[in-house]
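Participant: My questions will all concern the structure given below.
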Amino acid sequence: MQTSEREGGGPEVSPSVMPEAPPESPPAPTKSPAFDLFNLVLSYKRLEIYLEPLMDAGDGVRYLLRWQTPMCSLLTCLGLNILFLTLNEGAWYSVGALMISVPALLGYLQEVCRARLPESELMRRKYHSVRQEDLQRVHLSRPEAVAEVKSFLIQLEALLSRLCCTCEAVYRVLHWENPTVSSQFYGALLGTVCMLYLLPLCWVLALLNSTLFLGNVEFFR
């Protein structure tokens with residue numbers, strides 16, 4: 001009887017031995033987002049359109065600093081110096097509020113008076129809006145796309161080259177590879193600190209403005 005019971009019961013499982021868990025399946029590899037160079041070029045061109053007002057303002061400042069119209073540059077220099085030397089603290093707050101409110105008012109009036117604009121202005125705005133829409137949903141052929149990418153890479157290479165040259169020049173100055181240039185640089189920094197400590201801010205701004213207008217090569221030419 002005992003023998004038959006052992007045969008019928010089958011193999012006994014020890015309580016200390018646990019069944020092995022099934023191996024977990026490895027997680028599916030996530031796909032990395034694809035890099036689209038053509039979309040990068042389109043974003044760069046759209047950014048150029050949005051930054052056109054700032055680029056125009058920079059061109060105007062460079063036009064004045066290069067003395068291409070001497071009378072306008074001279075009047076601008078003198079007018080800024082007079083403003084820096086005569087305005088007090090309250091007047092500067094008023095100028096800041098004016099610089100904020102004037103662009104907001106001009107933008108509001110531009111939007112309200114859109115229907116009263118002349119035909120030439122409407123066509124110019126339509127041209128710029130079409131350019132923006134075309135850049136948002138552009139369909140170019142493969143040769144045109146390759147040309148756009150090549151042009152973008154050429155501009156990027158020029159920008160990186162200028163940045164590398166600037167970093168190299170700063171490195172040389174900071175490590176005294178040219179003692180004359182380094183001494184002039186640190187002397188100018190110390191002189192600026194002393195000037196900021198000894199002179200009022202209005203005089204510092206007037207001196208900086210005069211240096212920008214009168215201390216460049218174009219003025220002596």
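Glycine is treated like the rest: Cβ placed from N, Cα and C.
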Participant: In TrEMBL, which of the ranges 42-63, 64-85 has the transmembrane segment annotation?
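Facilitator: Based on what TrEMBL states, transmembrane segment spans 64-85.
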Participant: Could you give the residue numbers and ranges of same-chain residues that sit at least 6 residues beyond the transmembrane segment (64-85) on either side and whose C-beta is under 8 angstroms from one of its C-beta atoms?
Facilitator: 202-203, 205-206, 209-210, 212-214, 216, 218-219, 221
